[in-house]
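Participant: One structure coming up, written as structure tokens, with questions to follow.
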Amino acid sequence: MTKKLYKIAVLPGDGIGPEIIQEAYKIIDVLQKKFSFNVKMHEYDIGGISIDKHGTALTQETIEGCENSDAILFGSVGGSKWDHLPEIEKPEKAGLLKLRKHFNLFANIRPCKLSQHLLDISPLKNSIIKKGIDLICIRELTGGIYFGKSNKITNIDDPYAFDTEIYFRSEIKRIAKIAFQIAQSRKKKIVSIDKANVLKSSILWRDTVNKMAYKFPNVKLEHMYIDNATMELIKNPSSFDVILCSNLFGDIISDECAAIIGSIGLLPSASLNKSGFGLYEPAGGSAPNIAGKTIANPIAQILSLSMLLKYSLHLPFLSSCIDEAVHEALVKKYMTMDISKNPQNFLKTNEIGDKISDLLAKKA
């Protein structure tokens, strides 16, 4: 193992964030002791806790700390405590979204995997998921309807509101390229999601993706309307490999993936820019209703660390070791409350972190 020193900015945030980050620290500790992983970590405030301590959800200190790091390991932000704030000052928008914008993190990568040994976790029938699920959702993260012109007019007899979806070809092109590159290392199959029978932005999306496909002749491309895709994902999830989506459609599809495998607590995610710098976080939110109860599922946080090692630090072996340890833990039925079939028999947050750490240590 190389002795190169890696730097990770750790942003625990709010809610369950600090709890599940602690379990990721256990994994890093094993990597340091057993695999000679040389890393320096530094924690920074973000979100609600940053508002409470510094008056803003994202401080210059946090931004600079992230700039001086190789990657960001992120917990979660938000909670009812800050709901009274104006929209632009809330932890999510003023913290996480601002951070994504600052680093131009345009590509969201969210794996969705459920092995044949764990079919009982999924709410779907075994006959539907008997082959297991192994897909990855690639979502454009900085364009589309969430960033287009919008307004709400209420001081008239018939109030109205509007949102505008805008996509530049360059935005579509760069996310499509990442999807095709990832597909090349998998089953060489992409399903691109759009609504090209209705939306002009989707027509441009489809045309751009088609043009990108010419550069990757060994990858099979299929287009699917969003309404049909949501249905097919339930009917035959094992037929999907790489799913390419706009911001809005990716928001929908990626959460459907969480439902299919049984818990959003199992889904990690990566948000990358063109240089490979990334922010890695669980797909779920801050879950303030369970914060402090030691029942949060830390697996998504641990798998987010695995993605960080793979995509930003380019250490695929260490990433694979973590993935295998998590898989073994689930096969052994080490489960948190959200995925346990027996509500009286489950492991606490710290307990499953210990189990996964022990399994990882045995791989050294």
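Including glycine, each Cβ sits where the backbone N, Cα and C put it.
Per Swiss-Prot, NAD(+) binding site is recorded for 79-92, 285-297, and the stated evidence type is sequence analysis. According to Swiss-Prot, the feature substrate binding site maps to ARG100, ARG110, ARG139, ASP227, an assignment based on sequence analysis. Under the heading Mg(2+) binding site, Swiss-Prot lists ASP227, ASP251, ASP255, citing sequence analysis as support. According to Swiss-Prot, the site 'Important for catalysis' annotation covers TYR146, LYS195, on the basis of sequence analysis.
Mind mapping these onto the model and telling me what they sit next to?
Facilitator: When secondary structure is read from DSSP and collapsed to three states, GLU87 (NAD(+) binding site) falls in the helix class. Around GLU87 (NAD(+) binding site), a 10 Å sphere centred on its CB holds 8 further CB atoms from the protein chains shown.
Every protein chain considered, the tally of other Cβ atoms within 10 Å of the Cβ of ARG110 (substrate binding site) stands at 24.
For ASP251 (Mg(2+) binding site), applying a Cβ distance below 8 Å and a minimum sequence separation of six or more within one chain yields ARG139. ASP251 (Mg(2+) binding site) falls within a helix when secondary structure is assigned with DSSP.
TYR146 (site 'Important for catalysis') falls outside any helix or strand according to DSSP and counts as coil.
For LYS195 (site 'Important for catalysis'), the number of other Cβ atoms no farther than 10 Å from its own Cβ, over all displayed protein chains, is 20. Reduced to three states, the DSSP call for LYS195 (site 'Important for catalysis') is coil.
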Participant: Counting only residues 6+ away in sequence within the same chain, which have a CB under 8 Å from the CB of ALA291 (NAD(+) binding site)?
Facilitator: ASP14, GLY15, ILE16, GLU19, GLY79
Participant: How big is the gap, in Å, between the Cα of GLU87 (NAD(+) binding site) and that of TYR146 (site 'Important for catalysis'), rounded to a whole number?
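Facilitator: A Cα-Cα distance of 14 Å.
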Participant: Quick one: of the binding-site residues ASP83, PRO91, ARG100, ARG110, ASP227, which has its CA closest to the CA of TYR146 (site 'Important for catalysis')?
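Facilitator: Comparing Cα positions, the closest of these binding-site residues turns out to be ARG100.
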Participant: Taking the binding-site residues one at a time (ARG100, ARG139), which has its Cβ surrounded by the most other Cβ atoms within 10 Å?
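Facilitator: Per the Cβ count, the most surrounded site is ARG139.
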Participant: What's the CA-CA gap between ASP83 (NAD(+) binding site) and ARG100 (substrate binding site) in angstrom, rounded?
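Facilitator: Cα-Cα distance, ASP83 (NAD(+) binding site) to ARG100 (substrate binding site): 21 Å.
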Participant: So among PRO91, LYS195, ASP255, ALA287, ILE295, all listed as recorded positions, which is physically nearest to ASP227 (substrate binding site)? Use the C-alpha atoms.
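Facilitator: Checking each of PRO91, LYS195, ASP255, ALA287, ILE295 against ASP227 (substrate binding site), the shortest Cα distance is to LYS195.
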